[in-house]
Amino acid sequence: MSYAQTKTQSKSGYQAGVKDYRLTYYTPDYTPKDTDLLAAFRMTPQPGVPPEEAGAAVAAESSTGTWTTVWTDLLTDLDRYKGRCYDIEPVPGEDNQYICYVAYPLDLFEEGSVTNVLTSIVGNVFGFKALRALRLEDIRFPVAYIKTFQGPPHGIQVERDKLNKYGRPLLGCTIKPKLGLSAKNYGRAVYECLRGGLDFTKDDENINSAPFQRWRDRFLFVAEAINKAQAETGEIKGHYLNVTAPTCEQMLQRAEYAKELKQPIIMHDYLTAGFTANTTLARWCRDNGILLHIHRAMHAVIDRQKNHGIHFRVLAKALRLSGGDHIHTGTVVGKLEGERGITMGFVDLLRENYIEQDKSRGIYFTQDWASLPGVMAVASGGIHVWHMPALVEIFGDDSVLQFGGGTLGHPWGNAPGATANRVALEAVVQARNEGRNLAREGNDIIREAAKWSPELAVACELWKEIKFEFEAMDTV
């Protein structure tokens with residue numbers, strides 16, 4: 001549409017027509033309130049569109065505005081309900097890119113609904129013709145709004161208490177091949193990994209229910225494997241049983257069956273299933289005492305492009321509100337996308353209670369979580385024993401280090417692969433606790449441990465040359 005102003009005087013005195021968004025929605029003198037929901041957008045206007053007009057258009061189209069003045073504006077108090085573009089900053093090193101800051105009144109959003117927040121803020125405006133590209137970089141959720149959410153079913157401390165495991169990261173493994181195994185062979189793979197020393201095994205994101213492996217059969221054989229491994233090792237074990245299903249009713253049916261089998265943890269694909277389904281499941285998990293592991297399948301479709309989409313830190317914050325005890329975050333050192341500063345920025349947003357603004361890590365707003373439970377970060381994707389020192393140094397104790405191929409690819413089988421990872425982890429944690437520098441001495445620590453663990457020695461030899469050295473796309 002043209003940005004020239006046009007007006008028509010109606011008989012009632014109402015000024016009809018089209019006017020620039022910035023006349024109403026660009027308010028550089030506005031000071032955000034503690035109760036405002038704040039959003040930072042990376043904005044690329046079309047040629048000829050001033051950044052102030054584009055920023056105001058984002059504020060308008062994601063709150064109360066539309067393309068023309070409407071007479072029903074007179075029936076409400078727009079100053080109370082409209083979004084406001086209150087600041088615009090050019091992006092250093094980029095032509096025609098700006099960070100646009102928008103403040104939204106809290107009354108615009110339904111209590112306890114991530115679905116409603118995202119529908120409002122990103123539901124329509126991303127297709128707006130005045131913008132060449134738009135990316136939601138961050139959201140500041142006000143404390144008043146956070147208090148309307150349950151959040152994670154249990155949180156980090158409750159999980160450790162349930163598992164009776166403290167002072168180290170937890171170890172996991174995704175069963176491979178992800179598709180094609182019968183339920184019985186799948187259960188056998190789970191048992192071998194758990195008896196070898198892992199804390200968890202995991203369904204992959206696309207394991208739901210298929211002709212070669214129906215969900216009920218998988219649950220039964222996995223439960224048998226867990227019971228046997230627990231009896232042999234004396235440790236509490238778990239498997240992330242994926243309850244993602246075609247309908248919410250079927251999802252809850254699968255969750256109930258996992259509960260009947262006395263399983264400690266289930267799993268959900270929160271983006272493909274949707275936030276309404278995820279919040280429903282998270283509340284069920286709290287009521288029934290079951291941990292909830294979250295997979296982020298489909299996230300890169302949304303967050304990979306630097307100038308358009310939604311940054312994963314927003315999806316991570318939304319998950320903490322919706323509910324989940326674990327979520328995949330990337331590894332920094334493995335095969336999946338993730339630059340260290342950016343990754344640890346959203347890992348802190350998942351785990352900590354209060355996070356200060358730090359734009360060097362992509363954190364555009366100070367976030368107070370009002371004591372909402374934290375979410376454990378899951379590092380998964382292309383990692384092996386040589387990565388263990390870096391993973392412990394980067395992610396710390398409140399994490400799950402998940403070795404799929406790094407367990408199942410061991411030449412001697414699943415159990416020795418699991419043992420190699422457990423020995424490496426225990427050696428690295430002991431070295432850290434003794435004051436050794438993991439970044440500088442990590443390889444030496446692994447070599448020393450391999451002298452008395454043949455399983456680890458074989459793993460070290462197999463993966464000594466494996467690296468994933470590509471430039472990260474996700475940078476500030």
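Cβ from N, Cα, C; glycine included.
Its Cβ taken as reference, Lys176 (active site, proton acceptor) is surrounded by 16 other Cβ atoms within 10 Å in the chains shown. What Swiss-Prot records for Lys176 (among others) is active site, proton acceptor.
Taken from Swiss-Prot, the feature active site, proton acceptor covers His295 (among others), and the record attributes it to sequence analysis. Around His295 (active site, proton acceptor), the same-chain residues at least 6 positions away in sequence with a Cβ under 8 Å from its Cβ are Glu205, Asn242, Met267, His268, Asp269, Tyr270, Ile327, His328. Look at His295 (active site, proton acceptor): DSSP puts it in a strand.
According to Swiss-Prot, the feature substrate binding site maps to Asn124, Thr174, Lys178, Arg296, His328, Ser380, an assignment based on sequence analysis. Proximity of Arg296 (substrate binding site) to non-local residues of its own chain (separation of 6 or more, Cβ distance below 8 Å) is seen for Tyr270, Leu271, Phe312, Leu315, Ile327, His328, given in sequence order.
Proximity of Asp204 (Mg(2+) binding site) to non-local residues of its own chain (separation of 6 or more, Cβ distance below 8 Å) is seen for Thr174, Ile175, Lys176, Lys178, Leu179, Asn242, given in sequence order. What Swiss-Prot lists as Mg(2+) binding site is Lys202, Asp204, Glu205.
Look at Lys202 (Mg(2+) binding site): DSSP puts it in a strand. Taking the Cβ of Lys202 (Mg(2+) binding site) as reference, residues of its chain lying under 8 Å away and at least six apart in sequence are, in sequence order, Gly172, Cys173, Thr174, Ile175, His239, Tyr240, Met267, His293, Gln402. Sequence annotations record features per position, and here Swiss-Prot assigns N6-carboxylysine to Lys202 based on sequence analysis.
Residues annotated as site 'Transition state stabilizer' in Swiss-Prot, with sequence analysis given as evidence: Lys335.
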Any further residue of that chain within 8 Å (Cβ to the Cβ centroid of Lys202, Asp204, Glu205) of the recorded Mg(2+) site: Thr174, Ile175, Lys178, Asp203, Asn206, Ile207, Tyr240, Asn242, Met267, His295
Among Lys178, His328, which are binding-site residues, the residue with the most C-beta atoms within 10 angstroms of its C-beta: His328
Packing count at Glu205 (Mg(2+) binding site) (other Cβ atoms within 10 Å of its Cβ): 20
